[in-house]
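Visitor: Please read through the structure below; I'll follow up with questions.
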Amino acid sequence: MTATRTNSPAWLLLQDGTCFAGTSFGAKGTAGGEICFNTGMTGYQEVFTDPSYTGQVLIMNNAYTGNYGVKNDDVESDSVKISGLICKNMAHRYSRMVADDGLESYLTRNNIVAIYDVDTRALVQHIRSKGAMNCVISTEHSEIEALKAALANVPDMAGLELSSQISTKEPYHVGKADAPIRIAVMDYGAKINILKCLADRGAYLKVFPAKTGIEELKAFEPHGYFISNGPGDPASMSYAVDTVKDILATEKPLFGICLGHQLLALANGIPTFKMHHGHRGLNHPVKNLVTGRSEITTQNHGFGVDPEAIKKCDHVEITHVNLNDGSIEGIRLKGKPAFSVQYHPEATPGPHDSRYLFDDFLKMIEESM
Ligand SMILES: NC(=O)CC[C@H](N)C(=O)O
């Protein structure tokens, strides 16, 4: 399949004044967000639709993006969630028997501004040394003052609350209603495959809007609670921290992923912090300190849990660490059936090494029933 090459110019301006020129791909217009990069070599459609990327302009480290097109069901949510896209090369032809569309048409339909022909190696090295910052990409402004004005409107990721905007508006169910195990899911921007991983193991889920109170959660009579991934700064989510505290008070099993991990830490008095440039990719090595085994993990986070504060917290145990930088990848509470990981065991896209965590959670629930 081919698409017409437009070759129209596009520009990228970073918050520190650095500028890149490139070529437009996808929707026309101007888009801003926090710039971040994903080192994965495949799985771009799942990444673009991951709700945790809300508010972020994504650089793909892979030299070539779009070669296998898109498929209607290779998604992690109902729409593309990235604010914008930056690539080295974008495929104008795609090749996959079962593909439904090409990437450019998909981005255009989803109103996503993208820029390619950018030296992404230089750009990623820049972010790696300077750290996370905001940016704008534009097909309509080439004047630096106009780009700067657009950039001034992009909110800081630190302190930004996004989950309540993208969470489901109404509760919904996943799985079979007669399943023996019921799990209440807090939707702060949940990826579809996390829900599938739980339902495939025989759980019936009720997925709740971000600001649902404990009484409504309890009315579902859940045997366990799941705290989802999601975008934004966990420290801005006091409503969610309160919900996690209320859930812990029920003594029912709790499992949290990524944002859910950060919220479990915050609910136990452990602060989170903004990382230099975060972890986003499919090959982050993590060691499970309980089993001594290592796993290769999928990651997507720009905030982390404070390691020093955990060490001082008697009732929280570190279960997983990142083998690249020693950052905290997993915790569990002593004396309570609650645990969480900073990475993504559902791993769409990515290796399935960590799927055992869903089995562990279901087993924990069975043992508590
Ligand atoms: N994938 C996630 O849940 C991300 C959590 C949080 N928004 C972060 O960037 O750290």
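Here the Cβ of each residue, glycine as well, is placed from N, Cα and C on the backbone.
What TrEMBL says about a protein is an automatic prediction, not a curated fact.
Annotation source TrEMBL lists region 'CPSase' at 1-176. The feature domain 'Carbamoyl-phosphate synthase small subunit N-terminal' is assigned by TrEMBL to 8-138. The L-glutamine binding site annotation in TrEMBL covers SER52, GLY230, GLY232, LEU259, GLN262, ASN300, GLY302, PHE303. The active site, nucleophile annotation in TrEMBL covers CYS258.
Give me the lay of the land around each of these features.
Guide: Per-residue pLDDT, averaged over the region 'CPSase' (1-176), rounds to 95.
Applying an 8 A CB threshold to same-chain residues 6+ apart, the list for GLY232 (L-glutamine binding site) reads THR54, GLY55, MET157, LEU160, GLU161, LEU162, SER163, LEU259. Taken residue by residue with DSSP, GLY232 (L-glutamine binding site) is part of neither helix nor strand, so it is coil.
Around CYS258 (active site, nucleophile), the same-chain residues six or more apart in sequence whose CB sits under 8 Å from its CB are SER52, ASN229, GLY230, ASN300, HIS301, VAL341, GLN342, TYR343, HIS344, listed in sequence order.
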Visitor: Applying a 10 Å Cβ distance cut-off over all chains shown, what neighbour count does SER52 (L-glutamine binding site) have?
Guide: 30
Visitor: From the centroid of the CB atoms of SER52, GLY230, GLY232, LEU259, GLN262, ASN300, GLY302, PHE303, the recorded L-glutamine site, which same-chain residues not already listed sit within 8 A by their CB, in sequence order?
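Guide: Counting only non-site residues, the set is GLY189, ASN229, PRO231, ASP233, PRO234, CYS258, HIS301.
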Visitor: If you run the three-state DSSP split on ASN300 (L-glutamine binding site), which class comes out?
Guide: strand
Visitor: Please find, for SER52, GLY230, GLY232, LEU259, GLN262, ASN300, GLY302, PHE303 as listed binding L-glutamine, the greatest distance between any two Cα atoms, in Å.
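Guide: Output for L-glutamine binders SER52, GLY230, GLY232, LEU259, GLN262, ASN300, GLY302, PHE303: max Cα distance 13 Å.
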Visitor: DSSP helix, strand and coil counts for the domain 'Carbamoyl-phosphate synthase small subunit N-terminal' (8-138)?
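Guide: Output for the domain 'Carbamoyl-phosphate synthase small subunit N-terminal' (8-138) reads 26 helix, 49 strand, 56 coil.
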